[in-house]
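**Student:** First, the structure itself, so that you have it in front of you.
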Ligand code: SF4
């Protein structure tokens with residue numbers, strides 16, 4: 001039987017995946033092994049995911065961003081899902097969760113695993129409910145069957161809402177928005193109708209045996225996460241967290257890699273406390289947060305309200321952030337929403353890493369700032385988090401090739417360009433420029449490939465191919481430079 005990254009790390013082995021991760025993060029492979037062995041980081045890498053380029057999730061490494069894709073009863077098919085995968089990786093997703101609940105689930109999941117260079121995550125209870133014909137009809141056997149099948153298909157990590165227990169349900173009675181997690185609400189219904197304990201909790205050890213065999217990372221779902229500020233930090237949320245801590249240790253005892261999911265909706269001043277509390281209760285297992293949204297009042301802009309919370313979470317030690325799109329609470333996201341959500345979250349992750357002092361994180365900022373001060377427009381576009389948008393916005397007003405050499409842009413204009421004025425003044429005063437010189441070497445930066453060019457947006461070789469006849473969701477016109485100049 002193949003062994004998990006955790007088991008091998010505990011035995012002192014530095015695996016190929018650890019070597020690759022160390023290369024991507026510009027860290028010592030021995031440090032990567034130590035972090036995995038201690039359970040402080042995970043490398044989601046199913047033995048049967050051949051296309052995977054291994055990555056790591058842990059607070060000592062660059063904060064990662066997950067994008068959710070998936071069909072529903074009414075929208076999308078296989079080609080549509082592959083297009084979404086392509087779009088998500090194109091705009092820099094570090095992992096992708098397939099949350100499909102419509103038709104062709106097996107076909108879509110297999111295709112995603114086959115094409116994806118990033119880890120694929122799922123929530124198996126969705127398929128189990130569909131097969132059972134309703135939440136109340138779920139059985140222990142069916143749940144285990146679905147989990148095992150998805151593990152065999154090469155899924156790298158699965159959300160398992162095992163922490164929602166019968167005794168927690170009354171704690172949600174006074175909530176403003178009740179139970180908002182899909183998995184949590186399904187399991188609550190099952191427990192109430194069947195009068196039995198959560199089957200994922202009851203069968204957790206057997207689930208761990210499946211995960212150990214395939215090296216599936218368990219992502220312990222927060223089925224009782226608060227759905228609004230009024231419910232944030234309530235008894236139900238923290239009672240479940242205690243159970244997640246218990247389950248973390250059960251999984252570790254079986255050599256299963258673990259991360260723990262977190263809220264949701266949290267006031268800004270409580271975000272760091274939430275991260276610290278999870279780290280304490282779950283013995284430092286990586287924390288994977290959805291947002292959190294720091295206010296409830298901005299439907300249509302929840303990529304922003306949640307990116308504010310996500311930035312603080314990343315600064316405080318969150319390991320991965322699940323993106324939120326502008327369509328949150330309103331509808332299924334489309335390609336442009338995926339782009340906006342990923343941009344917001346990559347900014348949050350990077351800003352958190354800079355503030356937390358992650359080695360090398362600020363090199364990217366310094367390189368872009370140097371290009372900006374040098375009026376090296378092409379390099380500024382290349383270094384931008386979303387090069388296509390930066391180039392397009394610049395070219396809206398100054399499209400000509402000559403403006404790529406200009407010492408101004410249309411924002412202040414030629415006469416009032418402060419950087420040009422500053423440089424001219426320095427030239428006069430010193431006889432020569434005394435400015436940042438653009439010498440930051442990104443190749444040797446400690447964050448060489450993570451959240452930096454050429455990951456995601458910048459390295460097209462990592463973006464999965466689409467079958468012929470399937471056009472991408474996003475417009476590639478500017479990628480090849482056709483719209484440049
Ligand atoms: S014109 Fe203004 S915004 Fe544009 S480069 Fe100069 S200082 Fe920056």
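Just so it is clear, glycine is given a Cβ too, placed from its N, Cα and C backbone atoms.
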**Student:** For the substrate site that TrEMBL describes with 68, 97, 126, 161, 181, 182, 183, 222, 223, 224, 225, 288, which of these is also annotated: 34, 246, 261, 312?
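**Tutor:** TrEMBL names 261 for this substrate site.
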**Student:** From the ranges 396-440, 441-485, grab the one TrEMBL calls region 'Disordered'.
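**Tutor:** The range carrying the region 'Disordered' annotation in TrEMBL is 441-485.
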**Student:** Cβ under 6 Å from ligand 1: which of the binding-site residues 183, 225, 265, 409, 412, 417 qualify?
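**Tutor:** Among 183, 225, 265, 409, 412, 417, near ligand 1: 409, 412, 417.
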**Student:** Return the residues near residue 68 (substrate binding site) by Cβ distance under 8 Å, restricted to its own chain and a separation of at least 6 in sequence.
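**Tutor:** Once residues fewer than 6 apart are set aside, residue 68 (substrate binding site) is near 96, 97, 99, 322, 323.
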**Student:** Other than 409, 412, 417 themselves, what residues in this chain have Cβ atoms within 8 Å of the centroid of the [4Fe-4S] cluster site's Cβ atoms?
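**Tutor:** Going along the sequence, the neighbours appear as 408, 410, 411, 413, 414, 416, 418, 419, 420.
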**Student:** Where's the emptiest Cβ shell within 10 Å among the binding-site residues 409, 412, 417?
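**Tutor:** Result for the binding-site residues 409, 412, 417: minimum number of other Cβ atoms within 10 Å at 412.
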**Student:** Among the binding-site residues listed here (265, 329), identify the one with the smallest other-Cβ count within 10 Å.
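**Tutor:** Looking at the binding-site residues 265, 329, the Cβ with the fewest others within 10 Å is that of 329.
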**Student:** Within 10 Å of each Cβ, count the other Cβ atoms and name the one among the binding-site residues 183, 223 with the highest count.
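**Tutor:** Most Cβ neighbours within 10 Å: 223.
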